[in-house]
Amino acid sequence: MAADQKKIRNFCIIAHIDHGKSTLADRIIEKTGTLTSREMQDQILDNMDLERERGITIKSQAVRVIYTARDGEEYIFNLIDTPGHVDFNYEVSRSLAACDGAVLVVDAAQGIEAQTLANVYMALDHDLDVFPVINKIDLPSADPERVKSEIEDVIGIEAQDAPLISAKNGVNIEEVLEQIVEKIPSPSGDPEAPLQALIFDSVYDAYRGVIVFCRIKEGTVRRGTRIRMMASGAEYDTVEVGYFGAGQFIPCDELSAGMVGYITASIKNVKDTQVGDTVTDAGNPAGEALPGYKKVQPMVYCGLYPADGSKYGDLRDALEKLQLNDASLQYEPETSVALGFGFRCGFLGLLHLEIIQERLEREYNLDLVTTAPGVVYYVYKTDGSMVELTNPSNMPDPSVIEYMEEPFVSAEIMVTTEFIGPIMDLCQERRGVYLGMEYMETTRALLKYELPLNEIIYDFFDALKSRSKGYASFDYEMKGYVRSELVKLDILVNREEVDALSFIVFADSAYERGRKMCEKLKEEIPRQLFEIPIQAAIGSKIIARETVKALRKDVLAKCYGGDISRKRKLLEKQKEGKKRMRQVGNVEIPQKAFMSVLKLDDK
Amino acid sequence: MTNKKTDIGIYIHIPFCIRKCAYCDFLSGPAGEQERTEYLTALLQEIAASGRKEGGPYRAKTVFFGGGTPSVLPGEQIGKILESLRQAFHVAEDAEITMEANPGTLTAEKLSRYRAAGVNRLSLGLQSMKNDELRLLGRIHTREDFFESFYLAREAGFDNINVDLISALPGQTCGSWEETLEETAALKPEHISAYSLIVEEGTPFYKMYGPGSSGELLLPGEEEDRKMYRRTAQLLGEAGYRRYEISNYALPGKECLHNLCYWTGIPYLGFGLGASSCFEGRRFSNTADWEAYLKNSENLALVRTVTEELTEKSLMEEFCFLGLRLSEGIDRKEFEERFKRPFGEVYGGVERRFVQMGLLEVRGRRLRLTEQGIDLSNQVMCEFLL
């Protein structure tokens, strides 16, 4: 059923977090009758429990719906939902590349936020036609007219006839559907040309192997087509093609230029189907791949260890399974003196890390010890070689280091003018380089900074929110590596170096971080039978020290009326508590202490 | 015929007091006349039911009335309870029958009635000789009340009296604690229990003096606390008291037999609201729900909840962590005879570790806590859990 290209609209919805992207997607699916409202589960595109709980989209999702427009014609809408977090910027860009236009959702009360801008600019970079929709007009504080002029002034796109909607209450959704027909261009592309299909996501299915989500730019793919992934070079025979029903895969005969759908080909590993790669016909290959493909590099690394050493094999199996679905997750075995056998894992960002950690704990029932996340440093050695440092323990001896570089990002922070001061202070503290400021309107400004990634991966977002009473929004993208004075800070517990607690830090911050780290560990490590010195050191030089005093009194209270069971429970609890600690030398260190470095900025 | 019977201890819980003390986390509260009568009826039913079902093969060597404040009950009621016990079980002629009593609730007449009913040991909750410390504890009595009660008890013929004391109280100093100890010892009670205060969660004390509270600073510091604890053993030792358990001191031959049941694995049955038992291979406790107890006390199956089945493993653990409370510690030979396994095979590693750290010491067949080991006994005992 080769559809008429003129009747297809491929689009995505872009928005700042919480402006109502997923809710609008739900309403579109509901209004076009793909599902009855009884079948609707809120936010249908967010499949994972985690996504629903956190209210953010993690994986790209797509759905095809049929809309009968006012002109009486039936249109096929392919709605591609994009991940809603800066960790997944590359995935977002590939999803956008699979579309021909975008619906920009803006909150009628909040107006434009940092992610609104970042997403719009990214969409415009991909030559998408963008039209705005003003959501949440039911809010008492809604001011659609102000937001309209803000969109026109700041972004420079026409907004006077933007639909005023309430996605939550289903108000004015038809107007959005009509504008999708009117304002988003139909796809082009030649069904007879050599195949070029853009992969924008993939999922692993235990029975069918990898299901590749793609947008056909040129040519046609059907069952039996021998396909080749142009970047990875892998070739497979197509088993099935189809499109996305709501929550299900619906097979069809072929996918041709302009269409969005999926391909299965008994592919065993998502690594062969990297997001951004081009699928072509091995028998009639395209001359070149579609532009924009990048191999995804992890930005943040940390050590993951099973709390119970005997679960190492389970952790390995779980990581293997997760990686089937998530090509951006990287891991390799490592050992730590303190923590035993585990894995050094690479993630796109801290959210990605948290998601993987949570999925390992929830879906695979693993109890994990996580070491402090760090970025990838470039170490230039005196012999002219360069090492990418992902684990602080592997830092070469300072005598052979010529210099080091650390990753920087360009950040844009949108803030109401009253908070410019505190936010600039924050960026200053985090070693930010001020680039400039633009006023959006009289009350809001966009601050531009370059910041070391290392300074923002932990708690920057929380600090930003707390210092702006929740009014600042933030977006960033990788800029590149910059030379920096960095040192490795070691932590000694009872005079023994605990490798899993070492971290890399900006030289000028070393004293303060070392001091805070010792203070934090003093809180985290319970008193034991002897005094425990906690020291921070750079090389052999001790720069900070705290002491956990020896435990003096730990006696059972009066054991009354022979209630031994209660006393036994107390002892059992105590013993259980010890199990959850790591023995380093003579000292028992609680698992959460290994994350202490993350909490140094608690105010 | 008495030879064949197994010795047990019996605990009777009286969940009433005049007023709840601020540090208390036991099951008790003030009650009126009617509630006391209802409770007594239920208690007698429970004792009778137990006697019918399981009373035969046992002989009670000790009876202990605990609370709460059992001395809120008049002599006749205590008498009735003892009477029903004698019907339900064989109570030994020379049984140790203890009753807890609060200074301030005792009169000469009441005491002689308790005595006549068969109570032969009195446990007086003095806690401190200092009136200001008593006030902070929320106690109803004064030091003068205590002196009066103590003399009245002696006059009534009580020749076996325990006095409860608590150290590390808010506002207490090592000096004031020593005075409490000296004044108490001067009265020559047969037995002294001296606990170091533990601020239990869920008590008003926890709010007043717990971590982060405004009163936290009123509690003696850790050094002071340990100093008091050491002085306790020294002063009482000089006065002729022998420490036979972590917190218990007695003149020779006056150890509390009932208390020893708990540490040495002698079975005991508890009657009354929330009372605990260790009997026929199980630990169980009665419901703590007042209504449920009153309604079901005759039906033991409904009243009792099993908290633990005593397996070989838990018996071994208990042998150690309970036995270590005793000053003489545990007898490793006895362990081997009882469990048919070498002690070292089960606990060799733990023993070595703590002996090396100076928390345990070996004395012939016995293994016991050192002074420092007593301070840190939880740390040691929890390692005896397998």
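Backbone N, Cα and C atoms are what each Cβ position is placed from, and that goes for glycine too.
Curation plays no part in TrEMBL annotations; they are all automatic predictions.
Listed features, source TrEMBL:
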- A:Asp18, A:His19, A:Gly20, A:Lys21, A:Ser22, A:Thr23, A:Asn135, A:Lys136, A:Ile137, A:Asp138: GTP binding site (BINDING)
- A:6-188: domain 'Tr-type G' (DOMAIN)
Worksheet item: Quick one: mean pLDDT on the domain 'Tr-type G' (A:6-188)?
Response: 84
Worksheet item: Record lists A:Asp18, A:His19, A:Gly20, A:Lys21, A:Ser22, A:Thr23, A:Asn135, A:Lys136, A:Ile137, A:Asp138 as binding GTP; longest Cα-Cα distance in Å?
Response: 17
Worksheet item: If H, G and I count as helix, E and B as strand, and all else as coil, what does DSSP give for A:Gly20 (GTP binding site)?
Response: coil
Discussion item. I'd like to know which of these binding-site residues, A:Ser22, A:Asn135, is least surrounded, judged by other CB atoms within 10 A.
Written reply: A:Ser22
Worksheet item: So which one is it: of the binding-site residues A:Asp18, A:Gly20, A:Ile137, which has the fewest other Cβ atoms within 10 Å?
Response: A:Asp18
